[in-house]
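Trainee: Input: one structure, supplied below.
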Amino acid sequence: MTEKLIRLLRILQAIQANPGISAKELALKCGTTVRTIYRDLRILDRVAPIMNEGYGKGYRFIGDFAMYPLDFTEQEAMLFCMLPALVDTSKLPTEFDSAYDKVISAHTKLKTRNSEIVENIAGIIRMGIPAYREEGKDPNLLIPIIEAILDGRTIQAQYHTLTNNQITFRHIDPYYLVPRDQRFYLIGYCHLQQKVRLFRISRFLDVTKTNAVFDMGDFNITQYMKNTWSIDRGEEHIHFKVRFSEKVAPYIKEEEMFVRPRMTDLVNGGLLFEVTLNSSREFLMWLYQFGPEAEVLEPREYRRQIRKQLLVWLERYEDEEAL
């Protein structure tokens, strides 16, 4: 009876460690006949959700069923994974197969569950789609990117650079995912350019997680994005002073920003908004949406630049005959 119980447990462990294992392989592992394995599987089917995927495809568990052995560390699991390739297992005690299956079964189940969690997270994140692409045609590349960030692994990527319309192959150490508007950006070390870069997720055409491990070192994302309004990092040091009307002041106060502006309430209900940035383009684009409800006071050159832009727009819209 004890021998049969041990064999039943070994079958469960072997199926979990090797999804799709055949009855013949189970018989070899347990030192018995295929006929006995079939009989044992009928017994186990009453307590464990074992599924046969069809002729020649072997056995696996249905759903989240799993047997967990002792609390092995990741390093111990990795060591056992490597042992069959490093030693002649035929010269080891028969208990080695049992220990190996225990470790691999737990390791495989944990990895599978972690992958499912990442897939679920990536699945509920909605991003905008470039206008030139058809919806639903692209794979969700957030999955391998998130997995690589969590595992500290380098990714191999195919990336489309829009400025020169080139597709390049790169190795990137992924550090952080940064959301902006309907887009996601990846901050990571680019091996091709040998510096930390910012990549737009929608421009990745293919991403594969490698086995290469990376270390961020002393990289600090707060310092990296300091004085950056959104994504574009510049080398300038521009102090903007903007007056918002009382109509939009409440909305400005609750705006979620990545910089820390100084806001002062005005007597008329308006708001004085001051912020120091390293680039002007994205800030001005954000500012334009408020139209006449926002007035740039400083720097003076940007005030003149906006006035010039308004005159160009006015001239464009005054020419009705051009329609």
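We number each residue from 1, going along the chain as drawn.
Keep in mind that glycine also has a Cβ here, set from the backbone N, Cα and C atoms.
TrEMBL entries are annotated by machine, without manual review.
In case it's useful when we look at the structure, here is the feature table from TrEMBL:
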DOMAIN    7-54  domain 'Helix-turn-helix type 11'
DOMAIN    144-208  domain 'WYL'
DOMAIN    237-310  domain 'WCX'
Trainee: Looking only at the domain 'WCX' (237-310), how are its residues distributed among DSSP helix, strand and coil?
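Mentor: Counting residues per DSSP class in the domain 'WCX' (237-310), I get 27 helix, 23 strand, 24 coil.
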Trainee: So how many of the residues in the domain 'Helix-turn-helix type 11' (7-54) end up helix, strand or coil by DSSP?
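Mentor: The composition, in the requested order, is 30 helix, 4 strand, 14 coil.
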